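Enquirer: Copying in the features that TrEMBL gives for the protein in this structure:
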- 27-53: region 'Disordered' (REGION)
- 37-50: compositional bias 'Polar residues' (COMPBIAS)
- 77-485: domain 'Major facilitator superfamily (MFS) profile' (DOMAIN)
- 78-98: transmembrane segment (TRANSMEM)
- 118-138: transmembrane segment (TRANSMEM)
- 145-162: transmembrane segment (TRANSMEM)
- 174-195: transmembrane segment (TRANSMEM)
- 207-225: transmembrane segment (TRANSMEM)
- 245-265: transmembrane segment (TRANSMEM)
- 303-320: transmembrane segment (TRANSMEM)
- 340-361: transmembrane segment (TRANSMEM)
- 370-387: transmembrane segment (TRANSMEM)
- 393-412: transmembrane segment (TRANSMEM)
- 433-454: transmembrane segment (TRANSMEM)
- 460-480: transmembrane segment (TRANSMEM)
Amino acid sequence: MPQNNTLKGNRANAELTVEEWLQSKAAKGPSPGLASLQWSSGSHGRTLSPGSRLEVGTSGDQAELFQIAKTKLYRRRWVMLFLFSAVSANNALMWLQYGIISNIFMRFYNVDALAINWLSMIYLLTYVPLVLPVLWLLDNRGIRDVVLAGSAFNCIGTWIKVSSASPDMFLVTFFGQFMCSVATVFVLGIPSYLASVWFGENEVSTACSIGVLGNQMGCAIGFLLPPILVPNVEDMDELAKHIKTMFYITAGVATFLFILVIFVFQERPKLPPTLAQASARSMPPEDYSYVASILRLLRNKPFVLLIVSYGLNVGCYYAVGTLLNRMIIERYPGEEVNAGRIGLTIVVAGMVGSLICGIWLDRTKTYKQTTLAVYIMTLVGMIIYTATLDQGLLWVVFITAGCLGFFMTGYLPLGFEFAAELTYPESEGTSSGLLNCSAQVFGIIFTICQGKIIDNFGTLAGNIFLCVFLLIGSAMTGLIKSDLRRQNANRLAKEEEPPDSTMGNLDLPTIIKEVRL
């Protein structure tokens, strides 16, 4: 994976055109790299051929002028984005299809609440040991192979679950869910990476939010569809038929998406979408070390703060999503369908929040300010939701849950994009993978702890427990230094473009990786 494309060097030459700079170097001595330079006449004067690579060397000083690259946005970028979003949505549906009707599955499989909770938490547990190998695969094999593998695991898991619609097949359904949880390792951290590879600098945050939107759409369907497809009937044979129907539907969709990924999904566009991406591609693969990249990220103090604060926020979201049925049923018995609708409200409001936040970031580039504001509003939303849950007014719960969801799930793409800015030029897949790893760890801890607190002290105490950690996360977010490296790289790359007065209105921006004089 091409990396480390920071623009460095003596800025004294920044005002020279490319041609003047080369001529001045050539006058000092033989420059073997000059032979590879290809000049051509164009309507705007003399230009460099796209894709030509130049190395210029002199005794005592050395310079490298890397690729003169066009940047281009391809229409098919939207096809890649929406296909990935559909795969992510199908996988997210699997996460919630048990938990939102946990009381029904407890009776069907004759297991306790913790066993059903683990059908959701296995998603979180699987991610932790597999995230680093998958990130290595992303760096070495590329995004297409990773998405294809994720879609394949998801497809296999759904068909295993089709055969588990029987009261004595809990272990089989758990194994099928485990296979789906492996799939989520391959897709969860992709949105920011895909957005950077395919989309322009003024739409990258919006694209990332749409990628996250796919996962949220799957959660929304996961809250809505299972209570409708699997009603709480007493007859076990009829209940088994309903469960099998749900499993067949999800398996059919997963298979269709897997076939689409095989024939449609592409690795990356021929030409990069931004100057930052063009510069990233210029780094030879041998100059990049995956292990060194991980170590650099873990030494990046602002990013480490973001890892922890992101994990606290999203871990709370995982706990709320997993235990929502128990929270609602405890206070409103027999309201399984409305529990699903409340979950749907949380996710749909979060989808709107994600999209608005993505558009806002593309227009303002206020990454820290927006992230901090949304984090604080998540805390406020959780406090209000906690205060109104026990009031006996279900319509009020719908409203407060929607407000919570707008900010809590709207925060997800903000974390990815802020991380991409703080860690550039490291791989966006690596930074988002580490964020998700933190979220899975906190998700497991919060789900188990809140479940025990609800069992012993009630829902109110469990939600207060989450509020405390959201307060800690808000304080940590405020301490993050806003170092927007990706934005700075794009700005510096534009500054290196030859002046119009000498070389015309070039549509081939010059990207200088490093100059040592």
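Any Cβ shown, glycine's included, is placed from N, Cα and C.
Unlike curated entries, TrEMBL annotations are predicted automatically.
Source: prediction; values computed, not measured.
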Enquirer: Restricting to the domain 'Major facilitator superfamily (MFS) profile' (77-485), what is the model's mean pLDDT?
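Expert: Value for the domain 'Major facilitator superfamily (MFS) profile' (77-485), mean pLDDT as a whole number: 87.
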Enquirer: Any contact between the transmembrane segment (145-162) and the transmembrane segment (78-98)? By contact I mean 3+ C-beta pairs closer than 8 Å, pairs at least 6 apart along the chain.
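Expert: Answer yes, regions in contact.
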Enquirer: Of the listed stretches 78-98, 118-138, 340-361, 460-480, which one has the most C-beta pairs under 8 A with the transmembrane segment (433-454)?
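Expert: Counting Cβ pairs under 8 Å, the winner is 118-138.
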Enquirer: Any contact between the transmembrane segment (174-195) and the transmembrane segment (370-387), i.e. 3 or more CB pairs below 8 Å with pairs at least 6 residues apart?
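Expert: No, the transmembrane segment (174-195) does not contact the transmembrane segment (370-387).
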Enquirer: Would you mind listing the long-range same-chain contacts of the transmembrane segment (370-387), meaning Cβ under 8 Å and 6+ residues beyond its ends?
Expert: 309, 313, 316, 353, 357, 360-361, 364, 397, 400-401, 403-408, 410-411, 414-415, 418, 460, 463-464, 466-467, 470-471, 473-474, 477-478, 480
Enquirer: Output the single range from 78-98, 207-225, 393-412 maximising the number of Cβ pairs under 8 Å to the transmembrane segment (245-265).
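Expert: So the stretch in question is 78-98.
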Enquirer: Mind pulling out the one from 78-98, 118-138, 393-412 with the most Cβ pairs under 8 angstroms to the transmembrane segment (207-225)?
Expert: 78-98
Enquirer: Examine the transmembrane segment (118-138) against the transmembrane segment (78-98) and state whether at least 3 Cβ pairs sit under 8 A, considering only residue pairs 6 or more apart.
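Expert: With 3 or more qualifying Cβ pairs, these stretches touch.
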